Ligand code: ATP
Ligand code: MG
């Protein structure tokens, strides 16, 4: 038995009090399964304020195009703001904003409603109507959330583009969505330096081939920027002068809420479309069931940027619709020092922290004495998202950050799924380091073999989703064929997620990596996640990425790229030691043919490793599309270290 398998039996029961107070109890699984449509209808009526009730729960007469909560009418912004104010919670803090340079601002629900109303009035002035699209290209500042809610209030769809993306990425997204207005800022703070945003917007619009009529500019850094009279307006002026009263309309349950591009980890990003009623229902249900949301007492902090789906569902819509107090932080975890996150947890008494494994591994690398300096006892629940979390990082997160008292919810989901799909219910299940465990109540997933007809064996197979779900994507924007082809053509009436997974003897799900990345070495299927997890469990390694490279003798060969810990020697001996470690830990077949020691790995802005670029390097090809890469110089550095080794 390998070390990795032995660890799978280790579980952590929820603390007694946590289990007793949990919003959702064990019977929920069975109740939901008995009649999943009634279950979702019941959740929706309980959690969402419908202005007009829906009739049919699901219309699936034209698969894969679903309609949920047919005929119902709602306003998502009303659900995030007005209803809390009407219920007497207008004085509750909605957002505690922490800027990277140390500035902070707070908004109560009543204040946030006023800001969103002013912005909605401004957008109306600029000609935005229900059914239009607005592009949002902002840093992580409250105006990003305010802009999204203002669009939702008007029934216009937003398309948020990461502030770190290039003008080309912005331009193609503006054109694809036919956006009429762009909301941006002069710049933002990243690693203490002001970086500029507005010039990228000017560049994106300079070709004259976009439908953009107006650009609304937030002043964040005060840096000098170019100005196009008649097109550009300062947010402070326009929004500042607008009325803070705005009567909202109610829209159909299937009215578009947003278009958002996937992270681009496996290829060209896809423009995913989400609508309102089903999306809000499942996002709210996951707040209640997975995050065990207690709006009166919790302080929620999701560290994701609003530029990816985690920021949409668990910064903007989920926490606010649930009436939570949350923290929003603009910058990086190590500015101005490596304890910044923990300082913020202490300052705001954060109870629920939601972060990506890559960030957790980075904090591990900095050493536990860093978080050790802060009071983290307010925390009661931790979450992980974005990639498989290796057991080593899970245990560190549990012990050092969670003080062994906080359950960890490892949440598997995608831009396409809109909300959590697979995650433990923290008050019900005993959690297992490295496993996302089970679909949430109301969701049905399977792990199947290549034919799709049989359950996969112990070596794993393909993850599929059996039934429509409320927050499912409604399509790829303007491309119904790609929608069908990408997700629904492999198996009939079944959603193909593109991820490899396996179930253990308890039926719990472990993610193995992208199906595209699964390696086939001399006829053995090997998972990237398993080998990476073994590598990072070695004390000399802090980060690892594994790819299968074409090989004459074995079909494919395992090639590993590793970042070593501070003070470890970059030598052929270290590389050899790591090869032997994997061979011993998992088996000789998994032993990497090559281990390249590198100083950085190619990651998306949301922190995912782009293995396809490493595969290009391993196979001596020119590297492919790097548009969504966080730092474009990384690939050159890697090619240099590889050439040298
Ligand atoms: P693209 O689809 O453009 O290649 P992407 O798949 O990285 O990019 P996202 O929608 O941001 O875009 O990411 C979803 C993917 O992230 C999932 O399919 C899965 O591979 C991975 N993922 C997310 N959460 C988890 C998790 N908890 N465990 C394992 N993998 C996860
Ligand atoms: Mg994907």
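Counting starts with 1 at the first residue shown.
Yeah, the Cβs are placed from backbone N, Cα and C, and that goes for glycine too.
It should be emphasised that the depicted structure is a prediction, and the values quoted were computed from it without experimental measurement.
As annotated by TrEMBL, CoA binding site applies to 310, 522. Sequence-distant neighbours of residue 310 (CoA binding site) (same chain, 6+ apart, CB under 8 A from its CB) are 302, 304, 354, 385, 386, 606.
The ATP binding site annotation in TrEMBL covers 386, 387, 388, 410, 411, 412, 413, 414, 415, 499, 514, 525. On its own chain, residue 411 (ATP binding site) has 286, 290, 383, 384, 385, 420, 422, 423, 436 as residues at least 6 apart in sequence with a Cβ closer than 8 Å to its own Cβ.
Look at TrEMBL and you will find 536, 538, 541 tagged as Mg(2+) binding site. Around residue 536 (Mg(2+) binding site), a 10 Å sphere centred on its CB holds 21 further CB atoms from the protein chains shown. Reduced to three states, the DSSP call for residue 536 (Mg(2+) binding site) is helix.
Residues or ranges marked as domain 'Acetyl-coenzyme A synthetase N-terminal' in TrEMBL: 27-80.
Annotation comment: TrEMBL describes 86-477 as domain 'AMP-dependent synthetase/ligase'.
Residues annotated as domain 'AMP-binding enzyme C-terminal' in TrEMBL: 530-608.
In sequence order, 263, 265, 358, 386, 387 make up the list of same-chain residues 6 or more apart from residue 608 (N6-acetyllysine) whose Cβ falls under 8 Å from its Cβ. The N6-acetyllysine annotation in TrEMBL covers 608.
Closest to residue 541 (Mg(2+) binding site) by Cα-Cα distance, out of the binding-site residues 413, 514, 522, is 514. Separation of the C-alpha atoms of residue 514 (ATP binding site) and residue 536 (Mg(2+) binding site): 19 Å, rounded to the nearest whole number.
Here the binding-site residues are 415, 522; the one with the fewest Cβ atoms within 10 Å of its Cβ is 522. Residue environment of residue 514 (ATP binding site) contains 19 other Cβ atoms, counted within 10 Å of its Cβ in all protein chains. Residue 538 (Mg(2+) binding site) sits 26 Å from residue 522 (CoA binding site), counting Cα to Cα. Other residues of the same chain near the Mg(2+) site, with their Cβ within 8 Å of the Cβ centroid of 536, 538, 541, are 392, 534, 535, 537, 539, 540, 542, 544, 562, 578, 581.
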